[in-house]
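**Student:** Can you keep this structure in mind? I'll have questions shortly.
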């Protein structure tokens, strides 16, 4: 009768049990396997990586798109005619999906580092696939519905690029532990070479990425221009209903240098402030004039428009989630706001010595003021007490006629034209969307005495970027937020950034080399200890260290036929 010592000694490992249990629902010790992961499971790991990376980009997009959340909701309203904050469900699902996939990614990497077989539980597979398909659907939808917003990603990279580079370098460097453990364990040399080549290639790309990073904020502090002026875009619409006297008063309290508005001509030729084509969103037109809520706002006379309430909608819809912070006095004042006329805005600007910039919407062809709309606006300006040079005229229609009638008006344009053409038209100010405001263009315009105003700028990071780019002013829905930005969030010289870049690369190289040396030393030491002794009490198939099945079988054979095996022969 031959008696053998046990070849496997199982030890309790609570952390490892939790890893395999949560990831693959394998809680029992005997369910763990040390064989290589199947191609099927590797495919699911690839899908998990794709979901994580796609959600990472998707989350970054929505984080930076915060500057334009109201524009997104406004576009939704124009399609559905119902005001709702469409960013809330998107942000909630994005955050949930990203947290879920990031957690599974950490578990998967721990499995790989510890030599465990990847067996993703079927419920996780369903959820990961659903997240991937949902995110792809969201990306395609945004590309069709809000395609221009992708520009925010490119622009934000100019501001976050240096920091994202360091974060990516740290993540890939840390991933070296997993790569090194796989390289030293894999038996096939060709696979080792492929893994090393891919990993080293990614590292080299990250080491050289700063050569492609260009940011206006990488500059000498001595070259930083003056702080850009802030223009209240439709007043201060986050603090009070847009285009109301209350909104413009709130903007003035935030020390804005000018007020911006959208102007429409009423049926009887009175210019009034309204952004939308209809009165439905910002007034109670559905109650006072049932059946006319979808009519063009310009087909109402001034008496009808003046009878509408322009503040109750703000309390009801709370478009910026700010109503809860309003005082009782401000709420009562909000509930009694009316539609503001251009004449009222000009009087307020004249009284407070502020400039006014407005865009003028032409009435439809069947409107009685279709040919007289420019004259209606000019008459209001001429009759007001504001100085002509404090009014910034934007419409390109009949610009020569306007210049002849009121020569001192500041001629502005929202069209990006060559400097020579701007001079020919007498335009001294450009009002551009931030996606068109490139640093080199701004410097060129400024050098030709053409000032640049950028809109919409609501986030401190974008304001800092425009400041470093050299713009003279920005139009903002959030002057109360920009008021708290006395300096750019960050600014560094090229030499400082170069030092940070080189230092980060050197630290990464040292850590990666150290990881590979340690992993190889650990493997060599384990092999040497295995060659010296095959004592059964020292052989343990631990779940922490993955050993190829061929090596285990070899040790078993040597153990059985070695002299250390105790053989007991009974007579008879």
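From the backbone N, Cα and C atoms, a Cβ is placed for every residue, glycine too.
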**Student:** For the record in TrEMBL, which of the ranges 42-63, 64-85 is the transmembrane segment one?
**Tutor:** 42-63
**Student:** Kindly point out the range from 12-39, 152-179 that TrEMBL annotates with transmembrane segment.
**Tutor:** 152-179
**Student:** Taking 456-476, 477-497, 498-518 as the choices, which stretch does TrEMBL tie to transmembrane segment?
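**Tutor:** It is 498-518 that TrEMBL annotates as transmembrane segment.
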**Student:** From the ranges 191-209, 210-228, pick the one that TrEMBL records as transmembrane segment.
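**Tutor:** Of 191-209, 210-228, TrEMBL gives transmembrane segment for 191-209.
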**Student:** In TrEMBL, which of 90-114, 240-264 is tagged transmembrane segment?
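**Tutor:** Within the set 90-114, 240-264, TrEMBL attaches transmembrane segment to 90-114.
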**Student:** Are the transmembrane segment (191-209) and the transmembrane segment (90-114) near each other by the rule of at least 3 C-beta pairs under 8 angstroms (pairs 6 or more apart)?
**Tutor:** no
**Student:** In the same chain, which residue numbers or ranges, 6 or more beyond the ends of the transmembrane segment (191-209), come under 8 angstroms Cβ to Cβ?
**Tutor:** 165, 168-169, 172-173, 175-176, 179, 182-183, 505, 508, 512
**Student:** Using a cut-off of under 8 Å between C-beta atoms, tell me which stretch among 42-63, 126-146, 152-179 contacts the transmembrane segment (498-518) the most.
**Tutor:** 152-179
**Student:** Would you mind listing the long-range same-chain contacts of the transmembrane segment (152-179), meaning Cβ under 8 Å and 6+ residues beyond its ends?
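**Tutor:** The answer is 60-61, 64-65, 67-68, 109, 112-113, 195-196, 199, 202-203, 206-207, 209-210, 213-218, 434-435, 461-462, 464-465, 489, 497, 500-501, 504-505, 508, 511-512, 515-516, 519.
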**Student:** On average, what pLDDT score does this prediction assign to the domain 'GP-PDE' (228-486)?
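**Tutor:** Here the mean pLDDT over the domain 'GP-PDE' (228-486) amounts to 94.
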**Student:** At a C-beta cut-off of under 8 Å, are there same-chain residues at least 6 beyond the transmembrane segment (42-63) that contact it? List them, or none.
**Tutor:** 87, 90-91, 94-95, 97-98, 101-102, 104-105, 108, 118, 120, 125, 128-129, 131-132, 135-136, 138-139, 142, 149-150, 152-153, 156
